[in-house]
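**Q** My questions will all concern the structure given below.
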Amino acid sequence: MAKEKFDRSKPHLNVGTIGHVDHGKTTLTAAITTTLAKAIGGKNKAVAYDQIDNAPEEKARGITIATSHQEYETNNRHYAHVDCPGHADYVKNMITGAAQMDAAILVVSATDGPMPQTKEHILLARQVGVPYVIVFINKADMLAADERAEMIEMVEMDVRDLLNKYNFPGDTTPIVYGSAVKALEGDESEIGAPAILKLMEALDTFVPNPKRVTDKPFLMPVEDVFSITGRGTVATGRVEQGVLKVNDEVEIIGIRPTTKTVVTGIEMFRKLLDQAEAGDNIGALLRGTKKEDIERGQVLAKPGSITPHKKFAAEVYVLTKDEGGRHTPFINNYRPQFYFRTTDVTGVCNLPNGVEMVMPGDNVSLTVELISPIAMDKGLKFAIREGGRTIGSGVVVDIIE
């Protein structure tokens with residue numbers, strides 16, 4: 001069967017659920033798809049909870065590890081939705097997921113209020129540059145009707161304080177309360193389906209249409225690579241900037257020597273595209289490229305537009321112990337992992353002259369030398385990680401070599 005073309009008539013946004021484990025992120029994602037399928041119809045399809053929580057090794061532990069992509073639309077917009085992992089061990093995936101958001105829906109349980117991972121995810125959203133956050137206070141059905149208003153008001157105040165603390169506009173952020181479970185059951189009371197529609201309205205109105213960087217040269221970080229029998233190798237990822245047309249030449253840059261190839265096909269949500277633009281999650285079919293020739297962490301880019309580098313100057317913020325960072329300072333020649341776009345690369349830190357050590361909570365200018373080159377430009381953001389947790393975040397301020 002021929003694949004249908006992807007419809008671009010509505011503005012497209014990438015959103016995702018963030019928040020503490022078991023506060024209801026995946027249930028909310030299911031409730032959004034189900035409620036919109038009923039209320040608006042159109043292309044909306046109800047997606048069940050266990051379809052979203054679908055990677056097999058995760059279900060055993062009842063926690064979402066991978067990021068799952070869903071799509072839905074309101075009357076005004078088309079949304080691609082990532083359900084982000086909530087568990088602390090999987091912050092790495094959160095970094096790959098959250099980096100892809102134009103907005104995040106922070107889910108907070110009405111019975112618990114903000115918890116450690118609520119803070120961690122707001123901080124991460126700030127670090128990886130999620131521009132807008134809106135809030136859904138979930139599990140309102142667990143509160144006695146006579147206590148509900150008072151309890152929710154307390155949780156709301158806590159959440160607004162937290163958002164302000166991490167430089168989001170806590171005072172003006174839309175906060176909607178309800179019950180994702182009730183909405184999934186088709187409940188029409190104010191905490192059921194109507195709460196979900198109210199949340200969607202907040203998403204439509206509070207978050208402006210993102211300004212896409214379509215005029216910059218094409219660049220797509222590679223997230224995954226697989227081969228399709230008889231067709232060739234497909235690289236998937238989110239287009240970071242620019243436009244890609246079928247039959248465009250691209251370079252594969254970073255980690256290994258740079259190579260060139262031609263894109264012979266582009267797909268998004270299993271539909272064929274003539275061209276992809278910034279913000280699209282796509283698969284690009286690459287002519288004559290073997291699966292072994294390309295890996296996660298490389299980028300596809302317009303030839304000549306970006307080069308791989310190992311050594312750069314960076315401005316770095318080192319997390320405090322309370323933010324989940326190191327408990328002790330680090331010294332010259334510290335060797336953590338640097339998380340660029342979709343992968344970790346080990347690098348050596350050189351401290352500025354006269355600086356003996358860097359304390360948690362410090363801002364510092366570092367020179368970093370990576371063990372393999374990464375496609376980079378000034379302004380590229382990264383996380384610094386050690387033993388599976390984020391201990392700092394930074395930005396490339398100058399390329400040295």
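For all residues, glycine too, the Cβ spot is worked out from N, Cα and C.
What you are looking at is a predicted structure, and each value in this text was computed from that prediction instead of being measured.
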**Q** Looking at 19-26, 387-394, which one is region 'G1' according to Swiss-Prot?
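**A** Comparing 19-26, 387-394 with Swiss-Prot, region 'G1' matches 19-26.
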**Q** Would you mind telling me which of 58-61, 138-141, 246-249 Swiss-Prot tags as region 'G4'?
**A** 138-141
**Q** List the helix, strand and coil residue totals of the region 'G1' (19-26) as derived from DSSP.
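**A** Tallied per class, the region 'G1' (19-26) gives 2 helix, 1 strand, 5 coil.
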**Q** When DSSP is mapped onto helix/strand/coil, what comes out for A140 (GTP binding site)?
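**A** The three-state answer is helix.
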**Q** If you count, for each of the binding-site residues G19, D22, K25, T26, A140, the other Cβ atoms lying within 10 Å of its Cβ, which residue has the minimum?
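**A** Across G19, D22, K25, T26, A140, these binding-site residues, the one with fewest Cβ atoms within 10 Å is D22.
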